[in-house]
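Worksheet: one structure, shown below.
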Amino acid sequence: MLKEIKNICCIGAGYVGGPTMTMIAAKCPHINVNVVDINDNRIKAWNNPDTDYIPIYEPGLASLVNEARGRNLFFSTNVNQAIQDADMIFISVNTPTKTYGVGKGMAADLKYIELCARQIATVATSDKIIVEKSTLPVRTAEALKRILDNTGNGVHFDILSNPEFLAEGTAVSDLLNPDRVLIGGEETENGRLAQQALVDVYANWVPKDRILTTNVWSSELSKLTANAFLAQRVSSINSLSELCEVTEADVDEVARAIGSDSRIGSKFLKASVGFGGSCFQKDILNLVYISKSYGLNEVADYWEQVIIMNDYQKRRFAKKIVETLFNTVSGKRIAILGWAFKKDTNDTRESAAIYVADYLLSEQAELVIYDPKVTKDQIFSDLDYLGSRSTEENRDLVEVSNSPYDAVENAHAVAILTEWDEFVTYDWSKIYNSMLKPAFLFDGRRLLSDELMREIGFEFYKIGKG
Ligand code: UDX
Ligand code: UDX
Ligand code: ADP
């Protein structure tokens, strides 16, 4: 019998779980949504009466939280209670790349997912629909099912795959108006009913023709494939950015020319210092690992090249800075504008800025970093996490500034690593005047106009233009 969903629980109050559940609660006032997490500080922040301090910065998110929180949207650390109350449980915990053992540096670490499954199996006393929201390697649902079916209290679990396609920085508009919602389910009577129950939740605001249903494996694999294709476009245009620099072509002109072919399309062709974020690299590494585990070495090598190109692009940019500054940056002050992996987010996971900074620090540069949304603690924690040098050395060599104009004062060079809109609006003459001369400016996001910057007096380099 078709189940009407009245109570939803989401395990994991992160970048995916937080915004997604907020949207469900806002659009489905008749459904109670409990978002739970083991991280007490994160939950406290979600419950902060002043929604300016919720843990995730996303345009439009704070006001949606305000609208639904306390009405039918709740954040708590009481995981067991939320599991028990729920008809449907979303699993939205982190699945980072493994840092140990078999598959180190490649495979997804599923220990958090497995812990969730075991907890659900122990606690649940009524039938539940379990929804995989986190990005998972294909066939994870099989492992989930085995855990749930073997340690449960005789309750029935249906497992769905419902990957999230939102991009950070545009999470609210992506959730409000998704290109598609993908729901994979088992091809059984129960599986179809579970799938329909979730379709009905989304149908509260998403047009029916945008809700796609597939089998579980297609859904799991589609998420990895979508991210791999998107990342591949960025690596493709980035590979050509270097060719543009040596041939006097301009990569934005090339992108415009090819993007107007409807078969290619115009999006995701912006050359950059390299893609970052929690998904692209992790998902491609996943795809590579899975392909290898089935013996598909050519398939694995093909996709691995996307990562190799991305690592090269980050390194190439950093190297360009060193070479241009007369082959040494030792003791030189370099201002870095932007630390987030893209604009309009405070997320720094896999941000190109981290790797560029690390390269420059290894060349003994002194860095001053400014980002409009990323905290000082986060910046130091990202650098410390690499383990390239001691935490003391990081603090000796790196300063984090609250003002872009303070950051650039007496700098030998400025490097733009995130495409924040506000960077374009700065008084670049004032910045030029406060820097050492020659004043070098490296634009890793193609934000600024060459003519204008050269007119001001900068020695200007931008990715993809000779
Ligand atoms: C191509 C370009 O499309 C065209 O813009 C350029 O001017 C010349 O080269 P063409 O080679 O005539 O045109 O055919 P196209 O439709 O691009 O197909 C090329 C090959 O790719 C064919 O063998 C086609 O079967 C194959 N293909 C195309 C696929 O296997 N899958 C697809 O989705 C599309
Ligand atoms: C991505 C997918 O877009 C999203 O569908 C999925 O759910 C999660 O992963 P996200 O990582 O939030 O989203 O951001 P995205 O906009 O895809 O950007 C990823 C990286 O690529 C960023 O560092 C961005 O700056 C870079 N990028 C993107 C480019 O360098 N050039 C482009 O043209 C597009
Ligand atoms: P994503 O970008 O996929 O949302 P995040 O790291 O932002 O990833 O969020 C994942 C959240 O899941 C974290 O806040 C983490 O504390 C939480 N989490 C991980 N394991 C568990 C668990 N077993 N129970 C509850 N919450 C968990």
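Here the Cβ of each residue, glycine as well, is placed from N, Cα and C on the backbone.
Taken from TrEMBL, the feature NAD(+) binding site covers 12-17, Asp37, Arg42, 93-97, 134-135, Glu168, 279-282, Arg349. What TrEMBL records for 164-168, 223-227, Arg263, 270-276, 341-342, Arg445 is substrate binding site. Annotated active site, nucleophile per TrEMBL: Cys279, in sequence order. Annotated domain 'UDP-glucose/GDP-mannose dehydrogenase C-terminal' per TrEMBL: 335-450, in sequence order.
Locations of recorded TrEMBL features on the structure.
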| residue | record | DSSP (3 states) |
| --- | --- | --- |
| Asp37 | NAD(+) binding site | coil |
| Thr97 | NAD(+) binding site | strand |
| Glu164 | substrate binding site | coil |
| Leu224 | substrate binding site | helix |
| Gly274 | substrate binding site | coil |
| Cys279 | active site, nucleophile | coil |
| Phe341 | substrate binding site | coil |
Quiz item: Thr97 (NAD(+) binding site): which of the binding-site residues Glu164, Ala167, Asn227, Ala271, Gly274 is the nearest Cα neighbour?
Solution: Asn227
Quiz item: How far is it from Gly274 (substrate binding site) to Glu168 (NAD(+) binding site), counting Cα to Cα, in Å?
Solution: 16
Quiz prompt | Integer Cα-Cα distance in angstrom, Tyr15 (NAD(+) binding site) to Phe341 (substrate binding site) | solution = 14
Quiz item: Taking just the CA atoms, what is the gap between Phe341 (substrate binding site) and Glu168 (NAD(+) binding site) in Å?
Solution: 10
Quiz item: Which one of the binding-site residues (Ala167, Leu224, Ala271) has its C-beta surrounded by the most other C-beta atoms within 10 angstroms?
Solution: Ala271
Practice problem: Find the one among the recorded positions Glu164, Ala167, Asn227, Cys279 whose C-alpha lies closest to that of Asn94 (NAD(+) binding site). | Solution: Cys279
Quiz item: For ligand 3, which among the binding-site residues Gly12, Tyr15, Glu164 have a CB under 6 Å from it?
Solution: Gly12, Tyr15
Quiz item: Once near-sequence residues are set aside, which residues in the chain of Asn227 (substrate binding site), 6 or more away, have Cβ atoms under 8 Å from its Cβ?
Solution: Thr135, Cys279, Phe280, Asp283, Ile284
Exercise. Under 6 Å from ligand 2 by C-beta, which of these binding-site residues make it: Gly12, Tyr15, Gly274? Sequence order, please.
Key: none
